[in-house]
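Just below is one structure, and these are the notes that go with it.
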Amino acid sequence: MFFHLSKYAVILSLMLLLSGCWSQINFDQLTVVSAIGLDVNKQGQLEVSVQLVNPTLPVAAGGGGQQRRAIAMYTANGLTVEDALETIRKQAKKSLFFSQTKVLLIGERLARQGLDDMMDFFWREPNQNFNCWVMVSKQSIPEVLSDSKELQAVAAEEWKAYFKNKTYKPTSGGIQLYQFLPRLEQSSFQAAVPGLIQVSKPSSKDMIMEIKDLAVFRNTKLVGWLTSEEAQIISWLTQQSSLGMFEVSTKDIKSVMFELKNIHIAMKPVYENGQLQMKVRMRTQATIKTSTEKLDLTEKQTTDLLETELSNAISETIEKTVYKLYRSYKSDAIGFGEAIHRKAPKSWKTLKGDWNNKLAQINVQSSISIEIIKSGLLIDSNIKKDDVQ
Amino acid sequence: MKKSLISASQFFFIIFVSITSLTFFSVPSQLIAKVKQDLWLSMALGAIIDIYVAVLLYRLGRMYAGQSLIQYTRSILGKAGKVVGLIFLLFFLCVMVTAMWIYSDFLSRTLMPETPRLVFSISMTICAGLAAVKGIEAIARLSQIIGFIILLTSVVLFTSSIPYIQLQFLLPPFENGMLPAIQGAIYPGSWFGICIMMGMLMPHIKKQSGILKMKVYAVVLGTSVMTLYLLYSIVVMGPVMAGHFENPIYILSRITQFLIFERIEVLLLLIFISGSFITISTLYYAVTEGTAQWLGTKSHKPWVYVFGIIFILSPMFPYSNESYMVDRYLSYWFPLVSLIIEGGFMTFLFIWAVVKSKVSRSSS
């Protein structure tokens, strides 16, 4: 009898659930955060900005005559990220939805001070997107987030699409939050983050932004920038991309643009006379994209010349980039330390203590083998003038 | 009362689902942070421990056909068997409370942060309790469906996250020697060993001869799937990132894409929640039937209600919010005690039973 009754009691108690759920979020109170920006203001306080998406109805659904801003930008200061977000919630009067954040923008000034205490929020917060792309901005973040114009209404969406595009991968050096966070803690493979830089155009109010260059971090601090050409070397060495464009111009050749494909690259730690060396071996296929020079690829000489010129140029750029990283910035943003860790875990244990300062003594040797492949629409990959015999 | 019977393949799915869902909720936090890329060895050793226990259970079950773990403990050890049986029952109870605690803690921290833990434990206890009242047949049939879904989604998830993996994260192997990996085996070993509930299920299986084979297949398949999950979370995130999180598999499901869908963690959780439901209801059934046999009551149903109250309250146990105590318990006391019970007690019981049968044969 008792058990019979208790069954009904259980069923009746289910009615308690009718009053609603604990964690429910209503759509009309919810705003998607498309980008978060972190910076310091002039007083040295942390300044957090969020770009909020204001969804508009599609025309077919009766949204044709709507006049709504596509985005809204809020900024607040605080001791911590959460502290500032609390203020922003009061300003926006909405609950912020971080799970679809596209971009995390870090101000250069903050990055140079170090991100030590800021990143804890991103480790802890359960509602956030580990796939958001990290960038460093040289301009003031509130301005970038509110005024930058892209073809799409929400700029952050366009930036995300740019990073996802395969053709831009070699130079963009895109890094997602889940890759960025652990690299701030590892001296063996440190973070390098693409920059978001304004194209100077003082006349118009709209800001046109370019994603270029690479901000190099040493531990949690930004120490310097690499150009986009160097960024491409980084993305090859870290095996982010196996594509790329490379321009060669020397005494013999005016200017030839190569497209590189199927890049295979390996860094190898080698000890020579007790000195740690880094051997880079690269294998790639190159096709000529454009040339200002007349090249007759049917002649072996030309092909050989192109191959040596190209491989010299690439190897010079690799060495220049790595030395710039290791000697000027003292940061291992290509993961050579990890390469040692994987290959020789025992000797890594003795190296890892003071890895940043040991980088300056490492010599780089690169050997590159290139295969030039015919491509394009031309016979012999060559344009012959009709009257020249 | 008609005895409910299940087929060998249903038994296979019960074990498979139990292993995957227990691993999903309880093993990763300890294993990935401590053993990192060598965890496959720990998982393999854990599976070997479990297979060893399974062989003992199978031999005992065949020796005392038609009797459950609690019943033949009494037949083998006599009066002392009552005490050992009680220890087994308390162990089942403790495993269930721990599993329920981890389950509701995890859900309230990740999926629904504002929902009190009691809601999770109440809903799970009601569902599992209903299943336990209905008996093992209902649970077994459900496990076939859920086991198949787990397999299917795992395969699709693995294939669709191939573009994210970086195999070099698995290097170097045995960075700090073999020892951490071998020590790490106690975590999967102790959790897999919960399959000593196999001892309670054996009398319900139709064809007795194929049980051991099914059990081994289920353990091997379950461990392989979960090892892949754990390794995937390392090769996608890297050992540093994976080692920081309470449940890296959950983070993995947030990072990777499932075909064109992003953020599939809810799907994954749904699958493993249903997996936990199978595990908890099987344990629930085992503990209530065990208690009924131990006390000699006719039906196990009253005990479903009695234990239900304990299970509902499991997230409220003292010290459950003191992370120091919880860590000590999960990373030291629980594996230790469960290995002693699963490995030690079972070996002892088996040797005793063999000696006893030899003695009785020579005397007769």
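All positions are counted from 1 along the displayed chain.
Cβ from N, Cα, C; glycine included.
Pulled from TrEMBL, these are the features on record:
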- B:12-33: transmembrane segment (TRANSMEM)
- B:39-60: transmembrane segment (TRANSMEM)
- B:80-103: transmembrane segment (TRANSMEM)
- B:115-133: transmembrane segment (TRANSMEM)
- B:145-165: transmembrane segment (TRANSMEM)
- B:185-204: transmembrane segment (TRANSMEM)
- B:216-235: transmembrane segment (TRANSMEM)
- B:266-287: transmembrane segment (TRANSMEM)
- B:303-320: transmembrane segment (TRANSMEM)
- B:332-355: transmembrane segment (TRANSMEM)
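Sequence-distant neighbours of the transmembrane segment (B:303-320) (same chain, 6+ residues past either end, Cβ-Cβ under 8 Å): 93, 96-98, 100-101, 104-105, 117-118, 120-122, 124-126, 128-129, 132-133, 280, 284, 287-288, 291-292, 297, 326. Where the transmembrane segment (B:115-133) meets the stretches B:80-103, B:266-287, B:332-355, the count of C-beta pairs under 8 angstroms peaks at B:266-287. Using the rule of three or more Cβ pairs under 8 Å, pairs at least 6 apart in sequence, the transmembrane segment (B:216-235) is not in contact with the transmembrane segment (B:332-355).
Comparing B:39-60, B:80-103, B:185-204, B:266-287 for CB pairs under 8 angstroms to the transmembrane segment (B:145-165), the maximum falls on B:266-287.
Put simply, of B:12-33, B:39-60, B:266-287, B:332-355, the stretch with the most CB pairs closer than 8 A to the transmembrane segment (B:80-103) is B:266-287.
As a quick check, the transmembrane segment (B:266-287) and the transmembrane segment (B:39-60) miss the bar of 3 or more Cβ pairs under 8 A, pairs 6 or more apart, so the two do not touch.
Same-chain residues lying 6+ beyond the ends of the transmembrane segment (B:12-33) with a Cβ under 8 Å from its Cβ atoms: 6, 39, 42-43, 98-99, 102-103, 106, 139-140, 143-144, 146-148, 150, 184, 187-188, 191-192, 194-195, 197-198, 201, 214-215, 217-219, 221-223, 225-226, 229-230, 233-234, 239, 242-249, 272, 275-276, 278-279, 282, 330-331.
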